[in-house]
Each structure stands twice: as C-alpha cells, then as structure tokens.
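Some notes on the structure that comes next.
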C-alpha cells in the first residue's frame, strides 16, 4: 500500500536524506596502510611458537608478537588451523595490523564472560584477512548443546580510534560476535558473521561515533544494532540472512542517539527489518533515516515500541523520538493481520514528532491484509497528521496492494534453513554482494 506525498513533503524528505548521507564527520579507518606497517616490521606468529596443527596454542604467540609489532608493524597469522585457548588482548597499540589468513579455533575450556579477541585503546589499528578466508571459529555449539549462554564473547573493539576490521569471518560465537564499545572513526566491512539460531548471539552491537558498517550477519538476534550514545553512523549494504534483524536499542536512561543512517538493508526470514526498543526511560533519538529496505519472510517489519515487554520498565516519561524518516521499503511480511508491518507506539507522555513514512510497499504472505498500527505520533500512513501537541490516540489502517513499479528482489545466498545450536557451523564464504544489485563498496579480498 503506497501513499503519495506532496511536492513539499518530497522535497523536504530529499533534503533530510541528503543531509544524513553525509553524516560521517570525517574519514574512517587506519591512518597508514598495511604495506607501510609491514615495511616497519613484520611479526610472523610462527616465529613466536605458533603452529598450524590446531593443537599448539596460538594465543600467547599473538600476544608476544604484539609486544614487538604493536607500536608499529604487522602481525601475520599464515593460512592454516590454529588452536586458541588464551584470551588475546592488545592494549594501546598504534600504527599496527593483524593479518589473519588462517583460522583460529577457540578451545571451549574457558567459560568466563570475557572476550576471545580484544583490541582496546590506541589508534591506527587493523584486523583483516588478505584472502577473505581468515576466521575466528568460536565453537559456540560446545556451550550451547549444554544450554550454556553465559560464556565468552568473540571480538571486542573499545576506545580505539581510526580502525578497521574487514574481510574476516566470525563463526559460532558462544555469545555476541562483535561488540564495538566506544569506537571512533572506524569501519567494519566485507565480513560474514555467522552464529546459531538462538537469542543472545548478536551480530554487531555498537556505540561510538563516525562509524561505517557494511557486511552480512546470520544468527537469531541482533543483526547490526546501534546502542545508547551512538552518533554519525553510516550502516549500509547490510545482509541479515536470517537474523533477529537490525535495531536501535534497547534504550534506557540518559539516551542520546543522533545522525544514524541505515541504507540498503536486506532482511531475510528474520524477526524484524528494523526495531527501536525501550520501555520508559529518558533521552533523545533524532535525525534518523531508514532508507531502501527490502525484506522477505519476516515476522515484523518496522516496529518502534516504547513499551517493549522484553525489558523491565525504566523510570522516566519516555524517550523523545523526532525527525525520523522511513523511506522506500519493499517486500513481504509473514502475516500482516497479526503482526502489523508498520507499528509505531510512542510514549504517552512524550509523543513522537516529525516521523515521516514514504513509499512503503510491504505485502502480506498470509492473511487478507496488512495492518498498520500507530499511537501518539505525527507523520504519515497511520500516524496523525497533526504537528502541534498530540493527545493520546491510536489508529489502524489496512492495505495489501503494491505500487506501480514494485520490486523486491531476493538474494542468491538466502539460507533455506537457519543453523542450529548443537552442531558445528561451517565457515561461510563472504558473499559477493550484501544488497540486491549493489556491489561492495570495496572489493572482497581475493576476488577477481
């Protein structure tokens, strides 16, 4: 069901989108190239006692190599299989890189909730693979088959500036795969993150500033999720295959999320295409754009829920959501009658304003129609058209017809079934594209 807008609204929408397109505040990624770092010094972990026999521990050799190359140089893990049974933590490095061309296999013995691989502090850092086959295999199924989900996380970036992680595969983490905790001027791209079919196995959770993300996630929880104190993110060319879906939240008190663009997001067989989730709280979420979303077989599509029942209520009148644009969404929802494809529920005491929905084509797979359900907000579709103080209200509208020129292509790599939790997950190949008809911004390493 598509609703037309006036020329004034369309012009305003383009102005909003164009301003957000440029919202990265500067360059992202390392300040020096891998070639320049290698020219300073190269530390091969095999020279520090590592062996690609998947028996000898590689953790301490990586740590020792960082001692020599962490202040300028390249740490190289050659092709092969390596056993990782020690936490690897690198702190305050500068002008350094890890070239992971082999596969690190996590030993399931440590069960603490720490990080398998952590990069904290410092700047000009890079973790990558030169052939797109380098991987960290988390052996999560060894925990999950015993119903253990309080266990290690995989990759952690904290307090680092001018960094990148790319052309790397993260597989079967015991808990969340990739956490970016206060990273700045960073980029994660050309990655395949592949986890089990269970909650808590997040793809990427991030907060910080000036970050660019483009990659694929397979799991059953967060795909790429922005947290409190997130600013100036460009999250584009995202492939959730399948996943819990992308989100902002969950959000609590002292929330400040601004200048976030999700663009070219393809969501297959997931919980939602996009969710903003909180239950009470205080703060501000503004200048947000969700542009060019394609979805198929998803339980929910757009879900802004200010009373999300999966989190405990937090003190406060609610978060102020304003200047949020949802533009050009196509695809299908499983059952538009029982799960409204558009669901916008704002706080009763803090109505949303400037919520703009344009060109929404979400068709029903089961049932007779799509139901759009909105409450306490102004904008389009089922949102109130008022621009002044809103009184409490709810509205429901219906539809199930596509606009002229409707297109919602699928992807060749869409998984027919999700991975379970009790068997090993094979290391996937990074896909050739993360969104229909769009080539990666940078060519996948090793591709012709």
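Just so you know, the numbers here start at 1 and follow the chain as drawn.
Glycine is treated like the rest: Cβ placed from N, Cα and C.
Copied from Swiss-Prot, the annotated features are:
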type	residues	note
ACT_SITE	221	active site, proton donor
ACT_SITE	296	active site
DISULFID	43-69	disulfide bond
DISULFID	223-240	disulfide bond
DISULFID	346-352	disulfide bond
DISULFID	374-382	disulfide bond
CARBOHYD	54	N-linked glycosylation site
CARBOHYD	92	N-linked glycosylation site
CARBOHYD	131	N-linked glycosylation site
CARBOHYD	256	N-linked glycosylation site
CARBOHYD	284	N-linked glycosylation site
CARBOHYD	323	N-linked glycosylation site
CARBOHYD	328	N-linked glycosylation site
SIGNAL	1-22	signal peptide
In three-state DSSP terms, the structure that residue 69 (disulfide bond) belongs to: helix
Cα-to-Cα gap, residue 43 (disulfide bond) vs residue 92 (N-linked glycosylation site), nearest whole Å: 18
Cα proximity to residue 240 (disulfide bond), best match among recorded positions 54, 92, 323, 328, 374: 328
DSSP-derived structure type at residue 240 (disulfide bond), helix or strand or else coil: strand
Distance, residue 296 (active site) to residue 328 (N-linked glycosylation site) (CA atoms, angstrom): 15
Lowest local Cβ density among 69, 240, 382, which the record lists as disulfide-bonded residues, within 10 Å: 382
C-beta crowding around residue 131 (N-linked glycosylation site), within 10 angstroms: 15
The one of 223, 323 whose CB sees the fewest other CB atoms within 10 Å, among these recorded positions: 323
Residue 346 (disulfide bond) and residue 374 (disulfide bond), Cα-Cα, nearest whole angstrom: 8
